[in-house]
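Visitor: I am attaching a structure below and will ask some questions about it afterwards.
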Amino acid sequence: MGAANADEHLFIRIRICFLSGKVIMKLIFNALAVTLFLPYHVAFDKVSVSLMEGDSVTLHTGVETNQQEDIKWYFSGTRIAQINRDLSDICTDVQCNAGTERFRDRLKLDHQTGSLTIMNITNTDSGDYKLKTFNNDSEKIFSVSVTEVPAAELHEMKERESVTLDSGVIKHTNDVMTWYFNETEITGDQSEICTDVQCKERFRDRLKLDHQTGSLIIMNTRTTDSGDYKVLINIRNSSFSVTRVKRFSVSVTAVPDSDLSPAAVAGIVVAVILLVAAAVAAGVVNYRRRSRTAVPQNEEDDGNSPPDPKSIRLR
């Protein structure tokens with residue numbers, strides 16, 4: 001009887017363990033099923049954005065204008081902008097969180113798409129910006145890194161030399177670049193290099209654009225080309241848009257007689273050569289004349305004759 005009871009207890013324990021295992025496996029299976037087949041699950045996407053101080057950047061939501069979405073933007077866990085589907089609740093920066101003034105009127109929210117624009121960005125704006133779209137439970141992270149902007153590039157040259165102002169980027173199809181000289185636009189559409197009348201007169205047929213980089217080439221420079229140049233670069237893709245400004249300082253030094261044409265310079269050179277040749281010829285003629293008028297030596301004087309008494313000076 002004792003052995004039978006022991007076997008029965010062992011069987012019961014084994015059965016309990018087996019049933020417990022089935023329960024645990026079922027719970028795990030149900031949890032996986034919920035996770036894998038849940039109709040609305042959160043999707044993550046991450047985009048890296050490299051910027052320079054002073055840039056303006058627009059982080060795109062990808063939401064169409066006809067879609068109604070509740071959108072919120074976060075920076076380092078703090079809500080910095082939001083917009084709801086009926087536009088009744090819109091805020092940016094301090095409006096979203098009292099006392100939060102990191103961006104100080106540098107945020108702009110597109111009321112149709114919910115895209116966020118950060119203007120005049122600084123290195124303290126580096127970090128992760130999280131976009132949360134609540135209708136489809138999606139999240140998108142923009143990892144923004146900001147580097148210091150270099151000082152204006154200085155270019156010094158002499159008149160008639162050429163100079164290339166390098167944009168520093170590779171131009172893509174959707175990118176737009178506009179050049180300015182002392183705040184006056186000098187390039188617009190590729191088909192029209194100058195959009196200003198004074199620009200056309202100042203740089204007539206002396207400007208050229210590199211179609212791969214958008215760099216500006218100034219040929220046959222003049223002193224009037226000295227001044228401040230800048231290029232406004234608009235970089236666009238599906239995830240973000242960047243507006244960047246790069247500055248240049250150009251100094252052109254005058255060359256003596258730089259106003260004379262090449263033909264006039266050549267004429268002056270020929271005239272100088274002729275004057276030198278005439279001077280040499282005159283010297284030769286004068287030398288020959290002096291040689292002919294010199295007093296000849298007495299042929300009978302062999303050099304041993306006593307000196308002429310008249311030529312001896314008395315003391």
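For all residues, glycine too, the Cβ spot is worked out from N, Cα and C.
Take a look at what TrEMBL says about it:
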- 39-147: domain 'Ig-like' (DOMAIN)
- 292-315: region 'Disordered' (REGION)
- 23-42: transmembrane segment (TRANSMEM)
- 263-285: transmembrane segment (TRANSMEM)
Visitor: Return the average pLDDT for the domain 'Ig-like' (39-147) as a whole number.
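Guide: Summing pLDDT over the domain 'Ig-like' (39-147) and dividing by its length gives 85.
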Visitor: Do you know the DSSP helix, strand and coil residue counts for the domain 'Ig-like' (39-147)?
Guide: 6 helix, 51 strand, 52 coil
